[in-house]
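Enquirer: According to Swiss-Prot:
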| type | residues | note |
| --- | --- | --- |
| REGION | 30-82 | region 'Disordered' |
| COMPBIAS | 38-67 | compositional bias 'Polar residues' |
| DOMAIN | 350-475 | domain 'DBINO' |
| COMPBIAS | 428-450 | compositional bias 'Basic and acidic residues' |
| REGION | 428-452 | region 'Disordered' |
| DOMAIN | 598-769 | domain 'Helicase ATP-binding' |
| BINDING | ASP611, GLU612, MET613, GLY614, LEU615, GLY616, LYS617, THR618 | ATP binding site |
| DOMAIN | 1210-1360 | domain 'Helicase C-terminal' |
| REGION | 1415-1507 | region 'Disordered' |
| COMPBIAS | 1491-1507 | compositional bias 'Polar residues' |
Amino acid sequence: MDPSRRPPKDSPYANLFDLEPLMKFRIPKPEDEVDYYGSSSQDESRSTQGGVVANYSNGSKSRMNASSKKRKRWTEAEDAEDDDDLYNQHVTEEHYRSMLGEHVQKFKNRSKETQGNPPHLMGFPVLKSNVGSYRGRKPGNDYHGRFYDMDNSPNFAADVTPHRRGSYHDRDITPKIAYEPSYLDIGDGVIYKIPPSYDKLVASLNLPSFSDIHVEEFYLKGTLDLRSLAELMASDKRSGVRSRNGMGEPRPQYESLQARMKALSPSNSTPNFSLKVSEAAMNSAIPEGSAGSTARTILSEGGVLQVHYVKILEKGDTYEIVKRSLPKKLKAKNDPAVIEKTERDKIRKAWINIVRRDIAKHHRIFTTFHRKLSIDAKRFADGCQREVRMKVGRSYKIPRTAPIRTRKISRDMLLFWKRYDKQMAEERKKQEKEAAEAFKREQEQRESKRQQQRLNFLIKQTELYSHFMQNKTDSNPSEALPIGDENPIDEVLPETSAAEPSEVEDPEEAELKEKVLRAAQDAVSKQKQITDAFDTEYMKLRQTSEMEGPLNDISVSGSSNIDLHNPSTMPVTSTVQTPELFKGTLKEYQMKGLQWLVNCYEQGLNGILADEMGLGKTIQAMAFLAHLAEEKNIWGPFLVVAPASVLNNWADEISRFCPDLKTLPYWGGLQERTILRKNINPKRMYRRDAGFHILITSYQLLVTDEKYFRRVKWQYMVLDEAQAIKSSSSIRWKTLLSFNCRNRLLLTGTPIQNNMAELWALLHFIMPMLFDNHDQFNEWFSKGIENHAEHGGTLNEHQLNRLHAILKPFMLRRVKKDVVSELTTKTEVTVHCKLSSRQQAFYQAIKNKISLAELFDSNRGQFTDKKVLNLMNIVIQLRKVCNHPELFERNEGSSYLYFGVTSNSLLPHPFGELEDVHYSGGQNPIIYKIPKLLHQEVLQNSETFCSSVGRGISRESFLKHFNIYSPEYILKSIFPSDSGVDQVVSGSGAFGFSRLMDLSPSEVGYLALCSVAERLLFSILRWERQFLDELVNSLMESKDGDLSDNNIERVKTKAVTRMLLMPSKVETNFQKRRLSTGPTRPSFEALVISHQDRFLSSIKLLHSAYTYIPKARAPPVSIHCSDRNSAYRVTEELHQPWLKRLLIGFARTSEANGPRKPNSFPHPLIQEIDSELPVVQPALQLTHRIFGSCPPMQSFDPAKLLTDSGKLQTLDILLKRLRAGNHRVLLFAQMTKMLNILEDYMNYRKYKYLRLDGSSTIMDRRDMVRDFQHRSDIFVFLLSTRAGGLGINLTAADTVIFYESDWNPTLDLQAMDRAHRLGQTKDVTVYRLICKETVEEKILHRASQKNTVQQLVMTGGHVQGDDFLGAADVVSLLMDDAEAAQLEQKFRELPLQVKDRQKKKTKRIRIDAEGDATLEELEDVDRQDNGQEPLEEPEKPKSSNKKRRAASNPKARAPQKAKEEANGEDTPQRTKRVKRQTKSINESLEPVFSASVTESNKGFDPSSSAN
C-alpha cells in the first residue's frame, strides 16, 4: 500500500467502511489481449504462520508479489527479470487431472494442519504447476498475508491455469473446459465456483468429493481498506473462458466496482460480501522478532521517529521501562499497473540496448573475427610462399656455395695439419729438452767432479804449501827447490804417497797430483823469493841503520793435522816462552796463540787470529811483537791498523805491557799528522833506538796517507777488527794489499760477517798465491751454506769439512767456553714490551699504507726500486714507532732561563709518587755575606735601635723620623720641588729609577722594609697585574671597531676595563653570600655567571702557560752569615707553609701526614692573590701534579715521554731495579735521535751517565772509557751500537741493555763483548727490549737464522745480518707467516725469465746509522763501505746534533778542515758519496726521514755514527 494512504496509527480502521473511494474506483482496462491473472498456485506461503500467500477478494484472485523474503528491495535487474509478458499455457486433460489430484491432496493436508493450528487456518489451495514454479522465492506481499481464497467467477478453469512471468515460458497450454460450474458457499457471502467436470474427475483422480470440502474460517492478515480491496478485485483481468489455443474472450469493462458488483449479482446466488476483522489479524501486523505487541514511537539515532513494538517491563506515572527490538524493514509494494508499466519499460529499454549496443557489439565482433580470419589466411599464404621461395632459393644456392664449402674444408684441413705439426714440434722440443737436461746433468756431474778435483787440488796445494813452508826453515834460507826437479817432491811427501791406496792410480788423478805438487812448489818458491827479497832488503836497511848483528832465525818443526782449534801449522813442541819485554802473564791458550803466530812467521805464512771477542787477541799480538824484538832482534817497524775507537786502547795497552816498544800514535789533524810523519824516516828505523817501533793508525788515515806508508818496508802488519776489509773490491782492501810488508796478521772476532765472499777476501789477503779465484771459491762454498742458513735446506757436510780443511793452516779460532773456564757466564734475556696506545695507533696507520698482495699482483712478482724503497721505508717507520713515537718529530720542550747552580741531588722518587716537595738543591750564584755583628745588632734587634749614646730608640720612631723609604721622601726624590710645572724635569733624586720599574713610591717603600717572603709574594702579584694589562690590551684590540680613534677615549676605556677586570681587594662575607631572588632558591641560579667570570675562565689556559713557563727563574740569593739565628731565619722563610702553598698549591706540616693547608691565617698578599682566582693559580701546582716530587724546572715533559713508549716504561722499571742492585749498565741504541731521548730521560731521573757516539772525538772516547772504568758513581753508559761496539773494554759494567737491535747481529755480539770479556769478574746479563707482535720480532728472527751459519762454518764465522736488504727480505719483514707462505708460492709460480731478471739486479737497500734507507749499486756499496771507517774520524765529526758538534772547539778545527779540503785529502768515501746517485726513501714519502745528500750530512759515515 502507498504509505501516503496508510491510515493513521492511532485508528487503523478509520477508513475501513469509507465507501466513497470504493464507489469512485474505476476498473483498469485490459492492456493486452493476453489474460493476466494473479499469482499462480506455485506462490505458496512459506511463512512462519504456514499460510498460503494468495489473496482473493470476492472470488477474484489477486496478483501476488513474487518477491522473496531474503531479498530486501527491488532492483532494476529484478524488474527486468520479472516481466509482465505472460503467455497463455495449454494444459492437456491428463496433465490437468494430475494437477487437480495433487491439488486436492495438498488441500486435505492443509485442512488437517489448519484444524491442528486454529489461529492459522488455510483456504483452499490453488493448484501448483510442476513446470515453472518459483523455487527461489519466498511467497509474500506488501499486505502482510491477507487471505482471499478463491474468486466466485464462473471461469474457474481459467483461474486455476498457471501463469509464468516473461522469463518463464511453458508451451503446454491447458485447454478450456466448457462444463457448467458448481458453487461452494464458504460463508460470509463468499462462494467458490466448482467446475462441472469436477464430479467426473473425482473417481478417476481420487479427488475429494464436494461434500468433504469444509471451509470454516479464513483470516486476512494485515490492514485492508476499500482501495486495496478494489485493486485486488481489479487484478482478475481474465474472467472469460479460455480457448485451447490460449485466446480468451475479452473481459467486460466496468466503470466502477459498484457497477461490476451489479453486473455480477444476477449470476451469484448469494451476492453478499462480508468482512470480519479479528484480533489475530490485527496482531498479525506486528513484525517478526518484535519484543512485544505494544506500539511506541521512539526517536532513532538519526533523529527520526519510528514505530517499535515493545514490551513494557515497568510502568510508572511519568516513565516507562520498555524492551524493544528493531523491526525488520518492510518492503514497499508498488502499484501493479506501475509494475507492469515498469516491466514494459524495461523490456523496451532492453530492446533499445540490444539495438544500440548489442547489435553493434556483435557486428564489431563479427567484423573482427572476419578480419582475423583474413589476416590468418594471408599469413598462412605468406608462410607458404616463403617456404616455397626458400626451397627454390636452396636449390639455386647449392651450386653457388660449393666453392665456399670447398675452401672451408681446405682451411680446416690446413689448420689441422698446422696443429699437428705444432704438436710434433713441441714433442720434439720436449725430447730435445729432456736430452739437453740429461746432457746438462751429465755436464754438472762432470763439472762437479772437476770441481771436486780442483778442490782437492786446492786442499793438497794448501797442505803442500804449508808442508814446504814448514820444511823450508830447516834448510838454508837462500836455497830453493828447483822447479824442474821431481825427486825432491817425492821425497818431501812420503806420508802423502803412503796414505794413498796401493791400487793403480787414475791417469787423470796422477796428472792432477803432479799439477798440485808443481803448483805448491811454485807458490812456495814465489813466497820464498818474496820473503828472501824482503829479508835481503831489510838487511840492507838494517846495515844502513847500523844494525848490531844478523838475524837469528829460530824455527820450530813439526805439525799436526787438527781442527781450527789447533791449526795444521801449529807445532807439536814449542820452545816459545813469554817474552821478557812483555810485562804481563799469558794464559795457556794465549801461549798457544803466540806459538802459532811465531810458527806462521817462521814459515812465511800469514794468519788470521779469529778468537772470540774478549779472549785477548790484542795481548797475543803485542806479545808476538815483543817476541820478534826479543828473540829475533826485529824491532820493526810494525804497522798496527785499528778502528778509531780503539786506537787509544792499543797505545795504552802497549805502553802498559810492552813499555820498551815505542809507539807512534798516528792520528789527529792534518798539521799534527804532518809533524808525526817526520818520524817515518827509513834511516831512523829498523833498530832498537829508532824513533818508534810500532805505528798505530786507523784504516781511514791509512788510505788517506797511503803514499807516505808505501815508502816503508813493514816487518809485520797487524789489522785489528779485520772485518773492515771484508770486501775485495774496496779501496781499503786494495790499498792494504799493495803495502810492502813481510807478514800480515788479521785480528777479528767475526771473520765472516755478510757472506762467504768476505771469507775469500780475507784468505786472499793473507795468501794471494793460493786463493786467487773468487768465482770458484764462491761456487764451491758460498751457495750451500748460505742457502742452508736462509732457507733451512740440507747442508753438505763434506763441503763443510773441505772448507775446514782449507782454513786449517791459516786460521786459529777459539771460543770463550772452550778455553777459559774462569770467565763469567753470560745470560741473554729477551724482554717483551707492549706498545702504548699512541704507538699502536701509529703502527696500525703506517702498516695500512700498502697492501702487499696488491703490490705483488700488480707487478707479477717484479718489485721496482721505488716500491722496494717504499716498503723499506715502512719497515723503518715501524721500527721507529716501536722505539718511540717522538722519533718522527721530537716534541722539543721550551725551557726558561734557570739562573742557578744545580748540584747532584739525591735520586728522585719513583714516577708518579707524591712525596714531600723539596727544593731541587739549586743554588743562586749570587751570594752576599752579612757580618755577624751587623746581623745581631741591626737585623736581629727589631724592637729597638742602639745609638752611640746608648739610648734606645723605638722602631716606630726610627722609621717615622729617619726612614729614607717613606713614600713622601721617595716622591720628593723622584720629582724635586724646585722644578716647575711647565719645566721639563732635568734630573731626579736617588729613587728616580723606580719610575723605570713601574713602581709607585708606596710600593717602593713597602718592598724596602718587608721580608723576603713578602717581596716574593709581591713579585708574583705584580707579575699577575702585568699579565692582566696584557689581557686588557688584547681585549681592546679585539674591540677596536667599536671604539673611537681618539687616544684619550681609548685610555679611558682601557682604565674602565681594567677596573672591571680587577677583583675587589676588600671582600666581606655579605659579598660572598648568595641571595635568592624568589620565595625559593631557583635551581638554575648556579648556571648564571657574570661576563667577568666567563672571561677569566676562558683565559685560564693561556695564563697557565705564562705561569708555568716563565721567562727566567732563579733560586733566592744566598745569604751567608756566621750567625746561627740567621741560618734558622733563612730556613724558616724558605719553608714557610704559606709560601709553599703559594708555590705548589699545598704545604705539608708536621702535624699531618698528607698535604693540606696550614691552619694559620694567611698573609694579606696571599689573600689578595687568592682573591684573583681563577686567573691566578699556584705557581708550581700543575708541575707538581705532573712530575711528582721532581724539581719543577724541566725542559721537557717526562710524563708524556714515558707514557708514549712502552719500551721506555719497561726501561724505567728495569733501571730502577738495576740501580737498587748496584749494577752498572751499558745501554746500546742505534739511532742518535733515540740516544737524545734516552739522554733526556737520564737527566730527568738524575742518573749519572756518559754518552759515546760517532761525534765523540778520540780523546773524548779515551777519557769516557777511563772514567767509566774507574768511577763507580757513573751508572749508565749510553753507546751507539756501531760507534761503541768495537774494541772498547768496559768490564766495569755487568749489564748490557739493547734498547733496539741492530740490523747486523754481529754488531750486537761485539757490543756484548765490551762487558763480557777477560777481566770481567761479575756475571753479565744482556737484556734485549723487543716489542711484541711487531717487525722487531721478525728482524730478531732473521738475525738468529743468519747466526746459524756462524756455528756451521767455523764456530764463529758467518753472520749474514748485514746492512743490505733485498726485496724478498724487505717484504718478509712486513708479512706474517701465512702471507709469507702465499708470497713464496706465488714466487715459485713465476716464469724463469722474471726470476733471472731479479737475480741480475745488483741494487740493494742500504740502512745507514740514522735509520734511513737508500738504494745503491751493490759494487759501489761494497767498495765504499769497505773504504770507509766504521767510526768517523775525530778531526771531522759529523753528527746530527749541532750543539755537540759546535762544542768540540770549532775555531781550532776549522783551519784544519779547510786545509784538508784544499789539499784534496778528504776521504774517498765522502767523495764517492757525493758523486754516487742515491735514492732516498723520502722522495715519495714523508720528508722526516730525508737521506739525501745535503751540506749538513755530506760525507756522513754510517758506520761511525750511532743511531
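The backbone N, Cα and C atoms fix where each Cβ goes, glycine too.
Can you tell me where each of these features sits in the structure?
Expert: The domain 'DBINO' (350-475) scores a mean pLDDT of 84 in the predicted structure.
According to DSSP, the secondary structure content of the region 'Disordered' (428-452) in residues is 25 helix, 0 strand, 0 coil.
Under the DSSP three-state reduction, GLY616 (ATP binding site) is assigned to coil, being neither helix nor strand.
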Enquirer: Sorted by position, what residues of the same chain at least six away from MET613 (ATP binding site) have a C-beta under 8 A from it?
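Expert: Spatial neighbours, sequence-distant, of MET613 (ATP binding site): GLY749, THR750, LEU1309, GLN1310, ASP1313, ARG1317.
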Enquirer: Within 8 Å of the centroid of the Cβ atoms of ASP611, GLU612, MET613, GLY614, LEU615, GLY616, LYS617, THR618, which other residues of that chain place their own Cβ, given that this set defines the recorded ATP site?
Expert: GLY749, ASP1313, ARG1317, LEU1318
Enquirer: For the binding-site residues listed here (GLY614, GLY616), tell me which residue's CB has the most neighbouring CB atoms inside 10 Å.
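Expert: Of the binding-site residues GLY614, GLY616, the highest Cβ count within 10 Å belongs to GLY614.
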Enquirer: Just jot down the residues in the same chain as ASP611 (ATP binding site), at least 6 apart in sequence, with C-beta under 8 A of its C-beta; none if empty.
Expert: GLY593, LYS617, GLN620, GLY749, LEU812, ARG813, ARG814, VAL815
Enquirer: If you count other C-beta atoms within 10 angstroms, which of the binding-site residues GLU612, LEU615 is the most crowded?
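Expert: The largest 10 Å Cβ neighbour count belongs to LEU615.
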Enquirer: Indicate the candidate from LYS617, THR618 with the smallest number of other Cβ atoms within 10 Å of its Cβ, considering only these binding-site residues.
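Expert: Least crowded of the binding-site residues LYS617, THR618, by Cβ count within 10 Å, is THR618.
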